[in-house]
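Feature annotations, courtesy of TrEMBL:
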{"type": "COMPBIAS", "residues": "287-300", "note": "compositional bias 'Low complexity'"}
{"type": "COMPBIAS", "residues": "301-319", "note": "compositional bias 'Polar residues'"}
{"type": "COMPBIAS", "residues": "327-354", "note": "compositional bias 'Polar residues'"}
{"type": "COMPBIAS", "residues": "355-368", "note": "compositional bias 'Low complexity'"}
{"type": "COMPBIAS", "residues": "369-382", "note": "compositional bias 'Polar residues'"}
{"type": "REGION", "residues": "285-389", "note": "region 'Disordered'"}
{"type": "REPEAT", "residues": "1-26", "note": "repeat 'WD'"}
{"type": "REPEAT", "residues": "27-58", "note": "repeat 'WD'"}
{"type": "REPEAT", "residues": "69-110", "note": "repeat 'WD'"}
{"type": "REPEAT", "residues": "111-152", "note": "repeat 'WD'"}
{"type": "REPEAT", "residues": "153-194", "note": "repeat 'WD'"}
{"type": "REPEAT", "residues": "195-236", "note": "repeat 'WD'"}
{"type": "REPEAT", "residues": "237-269", "note": "repeat 'WD'"}
Amino acid sequence: MKQIATGSVDSRVMIWNMKPQMRAYRFDGHKDAVISVHFSPSGHLVASASRDKTVRLWVPSMKAESTVFRAHTATVRSVNFSGDGQTLVTASDDKTIKVWTTHRQKFLFSLNQHINWVRCAKFSPDDRLIVSSSDDKTIKLWDKNSRECIHSFYEHAGYANYVDFHPSGTCIAAASTDNSVKVWDIRSHKMLQHYKVHSGVVNSLSFHPAGNFLITASSDSTMKVLDLVEGKLLYTLHGHQGPVTCVAFSRTGEYFSSGGSDEQVMVWKSNFDCAEFSDGVRLQHKTASSSQTPTATSTTHFPLNSHTSVLHSKTSDPAQQFKRQDSQTAAHTQSYRQIGIQSRASHSHANGSLSISSSTAHQTQTQSLPQHSPQGQAQSRASDGGIPPGLANTLEHIIGQLDILTQTVSILEQRLTLTEDKLKECLENQMEIGLHLQRSEEA
């Protein structure tokens, strides 16, 4: 995992570099909240959608260059790259879905059959289809070439906030305002699975690249990991202090990230059983009987016993807050927090989104965590390799302390840079005041 892109109600797009020594990029350009962001498959471009009715295409570098796409007449709620990176699909409160070319940076065509706000639109893995969800309580499947709606799935209790294709391209999953998650077969048009595991609105979801797992984010402040092969809830994740508004797996599935209304972006290590990844995609073979939902008592919790190792910094550049987990917990998280000083607006994710770029492998700065069985029992890899448990624990502790030192040095370097920037800003302000006084005297 190389970078994470986030969008927020402060109208900014942030690109977070996973290496501690690298600074984050802050992109200013939108005039209102950024609701959706997405990396291109190559990781060389980032698209963002905003309440200011525009879509921007960014080059994730220090220059913060962007191209503005204008065709929607209302808030743009979703943006998504095609698998080949050549086209974009956007969804808007103007009740339309629009498709754009990224190469020529032009509007191509519009899909217009929804009768209320369109919350989300996604390309299928083979780029032949588009799926969309709307406040009109329908989920529509479109043929990109013919530009026609080929089927509509109907939501009766609520509408779908978010929808996406299974990696196999044979199924879709929808996150609904009725607190449920539904999985549909796009060939038979039948519901395969129906999960009622949240106590609040489900805001987002993401399929693991292997296709066997689905993670969901909800306003009940939790995330749920669902086993699609067994049709059951595996884990409940706690970490955010408030609604979890977005979640996304990295391209390899080794990591996933989440954003919430608590102004936090958390990076989690999946730590799923690798043997389960090789089982392949078997979701389409499940029958309707697998749609039985687990009760709340069947959940297995990931207890977050994190320790903050750096301080927050209220600056115009983001400070990084790394949270370390105890070696007995089932997932590792890193969290990032930003508070903008110039706009006086917190980088809240109440209406935000995130996307992960994995064009290069990321070497994590923390100790390797053990793989976990679905029952959450830790199995020490060091012990399996013949290293005495006491020595393994000591080595993990040393590595953890070195990581904390590395992160602390990185933060100190950032603060030094920020202090220099602030000093420069003060000097410029002083010069401006001097010039203003001089002009006043001359007048």
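Note: Cβ is positioned from N, Cα and C throughout, glycine not excepted.
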Could you please provide the mean pLDDT value for the repeat 'WD' (27-58)?
93
DSSP-derived helix, strand and coil totals, residue by residue, for the repeat 'WD' (195-236):
0 helix, 24 strand, 18 coil
State, in range form, which of 111-152, 153-194, 237-269 has the highest count of Cβ pairs under 8 Å to the repeat 'WD' (1-26).
237-269
